[in-house]
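Straight from TrEMBL, the features:
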type	residues	note
SIGNAL	1-19	signal peptide
DOMAIN	88-559	domain 'Amidase'
ACT_SITE	Lys138	active site, charge relay system
ACT_SITE	Ser213	active site, charge relay system
ACT_SITE	Ser237	active site, acyl-ester intermediate
Amino acid sequence: MPGVAWLMVLLLLALLGAARLCWLRAPARNKIPRAQKCRAVALKQMEALAQRLRQQEPSLDPKAILELPLERLAQKLQDDELSLESVLCSYLEEALKVHKEVNCLTDFLGECEEQLQALKKLKKTERGLLYGVPISLKDTYDCKGHDSTCGLAQFLEKPAAKDGVIVEVLKAQGAIPFIKTNIPQTLLSFYCSNPIYGQTLHPLNLKKTPGGSSGGEGVMLAQRGSILGMGTDSGGSIRVPASFCGVCGLRTTGYRLSYSGIASAIKGQKSVTTVAGPMARDVESLALCLRALLSEDMHRLDPTVPFMPFREEVYSSNQLLRIGYCESDGFTQPTPSMARAMRLTSRLLQDAGHQIIPFSIPRIEYAIQHLFVGGLFGDGGATLLEKLEGDIVDPCIKTNVNVLRLPGPLKCFLACILKYIEPRASQKMKEIHGLGTPKKLWESHTAVEEYKQEFIAKWRSLDLDVLLTPVLAPAFCIGYSNMTLDVSSYSSLYNVLNFPAGVVPVTTVTLQDEEELAFYKGYYEDSSDKCFREAVQGSVGLPVAVQCVALPWEEELCLRFMKEVETLAKNHREPE
């Protein structure tokens with residue numbers, strides 16, 4: 001009889017727990033259908049605008065417009081060789097097509113029609129550098145009257161009171177923001193899925209992800225649904241989607257572009273710098289975007305951003321470079337395609353007369369496990385869990401959220417057990433729980449600054465101009481989201497260092513790459529390495545990129561290096 005009583009008590013507790021969970025999730029379950037309905041209405045408005053514009057120019061050939069690079073498109077708009085209506089119509093129609101294929105839009109910015117009419121009234125002398133250029137924005141960018149959701153139900157039905165600073169500057173330069181694109185829930189994933197807007201797929205392989213967290217941007221740019229986009233980057237969120245989708249992306253130095261008016265699931269972390277940056281189909285488009293953004297308007301609207309206009313003389317220089325070469329960081333073994341892309345790029349650069357100097361990353365385990373993971377979850381994940389309170393947790397972040405939700409003593413126990421089986425998993429659990437990180441903010445600052453100075457000292461001892469490193473590739477299969485923190489080292493390191501870093505596609509996965517992947521074991525030969533190998537399988541034909549890095553505030557030099565890599569890669573023809 002006592003056993004039955006205990007069973008009844010346990011059953012009652014389970015029912016109470018389930019009831020509490022349902023009660024907590026009720027707001028999310030109510031908000032999400034309304035948000036999905038709002039998106040459906042917005043997309044119908046987008047389609048209606050495209051039809052109205054099409055009626056004005058029934059003979060319009062969108063293909064000719066969509067194939068223009070940004071620089072030529074902008075010039076044709078400035079010279080009135082193309083109408084604003086024809087360009088916006090072309091991109092509206094194409095963006096809708098792309099969305100129907102891979103589900104990458106979260107919102108349509110209907111005010112773009114009114115903005116277009118206002119731009120037409122400007123004198124030629126009043127037109128900005130991006131006059132009439134349609135531009136896409138990651139979901140997180142504040143646009144007046146629209147949600148910036150981060151894939152979280154808690155952020156729904158809270159429309160921005162005004163445009164964010166970057167959106168204001170882009171509009172002042174004549175750009176027409178017209179769509180917002182999909183992201184993973186909380187942004188802390190290299191996948192692109194959330195319970196509100198669903199899963200975004202890779203356009204070249206529907207079993208793959210386009211990357212995250214700026215995944216919707218990567219897809220739109222790759223499929224010509226947009227010509228210029230804005231993303232954000234906490235650990236590779238611009239560079240990984242750019243790499244997976246075969247476009248270019250730039251992580252800027254923190255505070256060179258304003259971050260005011262950009263939503264985030266976790267604000268306040270100091271040892272990991274989250275930044276805004278452009279994404280585009282080519283490097284010249286990134287440079288044009290930075291020219292437009294680095295205006296007096298940026299500093300006027302956000303005085304915390306230093307007024308540093310784009311240095312044309314650095315970007316256009318033809319001086320030969322001393323390039324640090326790092327084929328592996330020693331933490332994440334590069335896939336065969338990543339290593340081959342590096343060797344190919346190094347050879348092309350050497351043939352062009354540049355000097356290649358071997359470079360090894362100092363104390364990489366410390367940088368990733370202590371400074372990146374420890375810095376990202378410096379509060380043990382409390383802020384993140386608070387944002388997820390009452391929400392439905394998406395599969396793309398479920399593994400990490402489950403770890404964060406474990407009681408402290410259990411994390412300690414599991415960390416001790418895993419120490420002998422999965423060293424990286426053990427260390428990650430320690431960092432997330434705060435067992436291995438500095439307890440005081442100033443200690444964390446000091447640790448990051450000391451590491452940064454050590455890295456710069458090594459850089460300068462070799463008299464380097466720039467650094468060439470791999471970037472994560474190829475695109476992951478959907479469903480392997482539990483290892484992303486462990487394989488983020490190639491991108492997340494530069495968020496700790498706060499260095500500008502850009503991604504340029506140079507090749508695609510070959511059948512030989514795929515065959516060699518069968519022998520991939522990783523440096524730790526643990527479950528994360530195995531998972532990584534499985535996640536990148538089946539990628540023949542998908543893009544592979546390299547990463548170009550410069551010292552802080554040297555965006556122009558980074559772009560100049562990226563342009564060199566891009567030009568050499570385009571001129572090189574690989575054997576069939």
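Just so it is clear, glycine is given a Cβ too, placed from its N, Cα and C backbone atoms.
Mapped onto this structure are the features recorded in TrEMBL.
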| residue | record | CB count, 10 Å |
| --- | --- | --- |
| Lys138 | active site, charge relay system | 29 |
| Ser213 | active site, charge relay system | 35 |
| Ser237 | active site, acyl-ester intermediate | 34 |
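When pLDDT is averaged over the domain 'Amidase' (88-559), the result is 94. The residue listed as 'active site, acyl-ester intermediate' and Ser213 (active site, charge relay system) are 5 Å apart (CA-CA, integer value). Across the structure, Lys138 (active site, charge relay system) and Ser237 (active site, acyl-ester intermediate) place their CA atoms 11 angstrom apart.
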